[in-house]
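Report on one structure; see the data block that follows.
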């Protein structure tokens with residue numbers, strides 16, 4: 001009989017590596033030892049079968065995505081990933097699901113030096129709840145309330161391919177097998193923009209994330225890391241786009257008490273969406289959902305530095321609009337003419 | 001239309017009070033500012049409808065219980081509660097459920113000065129996932145691996161009434177309405193033994209938990225609290241009993257590489273269980289489940305101090321056995337004769 005405890009041990013309990021966690025999985029609590037003076041960024045996201053992913057979704061991709069959407073929140077704050085907890089409700093203790101799920105989860109966790117420090121496993125409808133912890137220096141967080149009038153609005157990566165893949169699966173949009181194969185990874189395996197977020201927040205450059213993970217294994221390296229100088233914050237406000245750009249940017253506008261004008265034709269469409277008709281392109285980039293790209297605002301004086309941060313972190317960055325004093329979100333076309341895209345934010349309760 | 005965002009705001013977003021959290025709910029991440037030199041204790045528990053509670057369970061009690069089982073993990077470590085995140089999957093956005101749920105949740109949170117700093121709400125089968133954060137001084141955590149041969153084994157409160165209530169609901173045991181009314185609160189509204197856990201870990205006495213919550217509202221009080229002297233740890237190892245004493249004590253024995261002898265007739269039965277036949281009393285105290293009491297080990301030299309901590313925190317404490325060098329868990333009766341109780345730990349997958 002494979003008991004709950006055996007399950008946890010077999011797939012999720014790994015040798016504890018010295019680092020931020022002084023006590024990992026297996027006790028009533030894990031223990032973290034934050035570096036002196038650093039703040040702890042905390043975020044949580046829950047994925048439910050049939051709501052956030054299809055029944056029968058690939059377990060390896062699901063392991064990746066469940067952590068990726070949480071790391072994306074750390075990235076949007078400009079925090080460096082440290083650790084996470086995982087709560088998992090499963091209909092059955094099935095090794096054929098658990099093994100690839102753990103593989104996908106840990107591949108991404110290891111790439112970011114982010115340790116699984118605790119969890120809970122229970123029988124129930126497939127539900128994955130992750131809480132993630134990162135560190136950030138005081139005053140460096142990229143908050144939603146910090147957008148300034150005349151800031152540029154930027155987007156990382158590309159938008160809309162995740163939404164296009166969903167439309168393909170639901171037969172809302174006819175896609176060729178090749179088109180679906182191009183769009184699908186954006187839906188199933190989003191890339192959290194952690195390195196870009198750190199650069200935008202002015203975090204010290206600690207090199208490749210894998211190099212950091214290796215350095216973490218050496219407890220003596222902590223004082224060196226603690227002494228690294230912080231740079232200037234490049235961005236004012238940021239968030240990650242999970243429910244569609246229109247709705248999510250709306251959170252920044254509301255929190256900052258400002259408005260915005262976006263150039264609908266400047267929004268960077270994903271490779272599969274880019275060859276679709278203009279109307280679809282505009283709608284899915286403006287209000288797609290599941291993009292997990294960063295939307296951030298920054299002073300015009302930082303344009304060159306932001307472009308350099310994009311190059312340095314291997315992340316495309318695109319300027320798509322401007323923060324205005326007038327409340328509300330306005331779209332214009334490439335010629336500057338007003339557009340009504342008639343889009344709305346994704347709502348996990350009202351949408352079916 | 002009540003959107004997801006409205007939901008979160010209406011029931012779960014409250015005025016942020018200055019304290020450990022420098023940024024509360026409403027951004028991509030919350031920000032915690034740990035006190036210098038303190039470690040952060042982290043635990044997570046997920047409750048699933050039909051598995052951890054009946055469909056249609058009272059929402060107010062559920063709000064209490066979902067946080068209580070997490071605070072119980074902090075108590076078992078000896079950590080002081082600071083903050084928590086809440087992820088909630090709900091079949092519908094129903095104010096008649098959300099309002100009492102939030103009331104039960106916040107009543108307990110406020111009693112422990114524990115702030116809700118983040119969350120996620122989604123449509124799905126009713127599932128409640130909480131991650132809780134506490135602080136603890138280095139070297140003061142009550143770890144499972146720290147039991148010593150010849151330690152006393154102690155239990156807080158009483159055992160078995162939660163299991164008896166379940167037996168009543170399932171008609172496994174015939175109970176009168178009065179008996180069920182006595183037992184049921186132990187199933188629906190467990191009391192996390194936070195103050196006792198702090199005393200056992202030697203945390204500075206900061207007075208009543210409500211007084212601490214009030215003090216937290218004054219940011220200037222932090223240096224005073226940081227300077228409070230720690231006492232000696234009273235206990236060696238501890239955990240909270242959630243799956244039944246036998247199985248949970250087994251985790252201490254395994255982690256500490258020791259064995260134990262328990263006096264089955266010394267196990268403190270809850271008031272409803274105490275009047276049941278001896279066999280039921282022994283089985284439900286030894287392997288009931290859902291007790292959320294502390295089981296801890298401590299040197300005999302600390303007996304008087306532990307009794308005093310029990311009085312000081314208003315928590316009954318009972319000595320029930322001894323840690324042995326010989327592996328395994330043995331039961332004896334009041335006369336010291338070996339007993340075979342034939343009990344096993346609750347398993348969330350194998351049990352139906």
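Keep in mind that glycine also has a Cβ here, set from the backbone N, Cα and C atoms.
Of the residues A:43, A:129, TrEMBL places A:43 in the same Mg(2+) 4 site as A:28, A:73. Of A:119, A:242, A:290, listed as binding-site residues, those near chain B by the criterion of a Cβ under 8 Å from one of its Cβ atoms are A:119. Contacts of residue A:242 (ATP binding site) defined by a Cβ separation under 8 A and a same-chain sequence distance of 6+ are given as A:69, A:72, A:248, A:289, A:290, A:291, A:292, in order along the sequence. Per Cα geometry, A:52 is the residue among the binding-site residues A:28, A:52, A:120 nearest to residue A:144 (ATP binding site). Put simply, residue A:44 (Mg(2+) 1 binding site) is 20 Å from residue A:28 (Mg(2+) 4 binding site) when counted between their Cα atoms. Among the residues A:119, A:120, A:144, A:242 said to bind ATP, no two Cα atoms are farther apart than 32 Å.
Residue counts for the domain 'PurM-like C-terminal' (A:226-331) under DSSP, split into helix (H, G, I), strand (E, B) and coil, are 40 helix, 29 strand, 37 coil. Residue A:44 (Mg(2+) 1 binding site) sits 15 Å from residue A:52 (substrate binding site), taking the C-alpha atoms as the reference points. A coil conformation is recorded for residue A:52 (substrate binding site) in the three-state DSSP classification, outside any helix or strand. Residue A:52 (substrate binding site) has A:243 as its nearest neighbour among the binding-site residues A:43, A:73, A:120, A:240, A:243, going by CA to CA distance.
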